[in-house]
Amino acid sequence: MHGLKQLLIFTDGSCLGNPGPGGYGVVMKYKAHVKELSGGFALTTNNRMELLAPIMALEALKEPCQIILTSDSQYMRQGITQWIHGWKKRGWLTAAKEPVKNVDLWQRLDAATSTHKIDWRWVKGHAGHIENERCDTLAREAAEAGPSEVDTGYQAKG
């Protein structure tokens, strides 16, 4: 893994109501370069946006990288570093033999991580962490902008 570009990625998701309009925010740093990504959906959940943020960041990369990825989502971090191994062994079922929630995004995140070396970090949200606060703002603004895009993987309980 020597010679890989070293990136810092910060991610956050937001949802106005849960479910409701949602958004994701990403700050990517490589040397002196900073890139921001964000997007919104008409109806989604907070957890889906927390998963979509790192997916969008990783899918934007054009080559394998060494990454420190920081999020305030324990759900996303624990899922990708711990729970996913059991889910995959059980054919995407939980230990209780229930289908994994948000499986479409977990599978996408799993695929997006495959070519990178990633150190997953957690930071407390709303605690003054500059990049996390910026991601929070990007995600919230995307959710508040009246997004019309449909989160096709979101299934409303009906």
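One-based numbering along the chain as shown.
Placed from the backbone N, Cα and C atoms, the Cβ positions cover glycine too.
Listed features, source Swiss-Prot:
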- ASP12, GLU50, ASP72: Mg(2+) 1 binding site (BINDING)
- ASP12, ASP136: Mg(2+) 2 binding site (BINDING)
- 3-144: domain 'RNase H type-1' (DOMAIN)
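For ASP136 (Mg(2+) 2 binding site), the spatially nearest entry among the binding-site residues ASP12, GLU50, ASP72 is ASP12, judged by CA separation. Sequence-distant neighbours of ASP12 (Mg(2+) 1 binding site): residues of the same chain at least 6 apart with a C-beta under 8 Å from its C-beta are TYR24, GLY25, GLU50, ALA53, SER71, ASP72, SER73, GLY125, ASN132, CYS135, ASP136, LEU138, ALA139. Other residues of the chain with a Cβ within 8 Å of the Cβ centroid of ASP12, GLU50, ASP72, the Mg(2+) 1 site, are THR11, GLY13, SER14, MET49, ALA53, SER71, SER73, MET76, GLY125, ASN132, CYS135, ASP136, ALA139. If you average pLDDT over the domain 'RNase H type-1' (3-144) in this model, you get 97.
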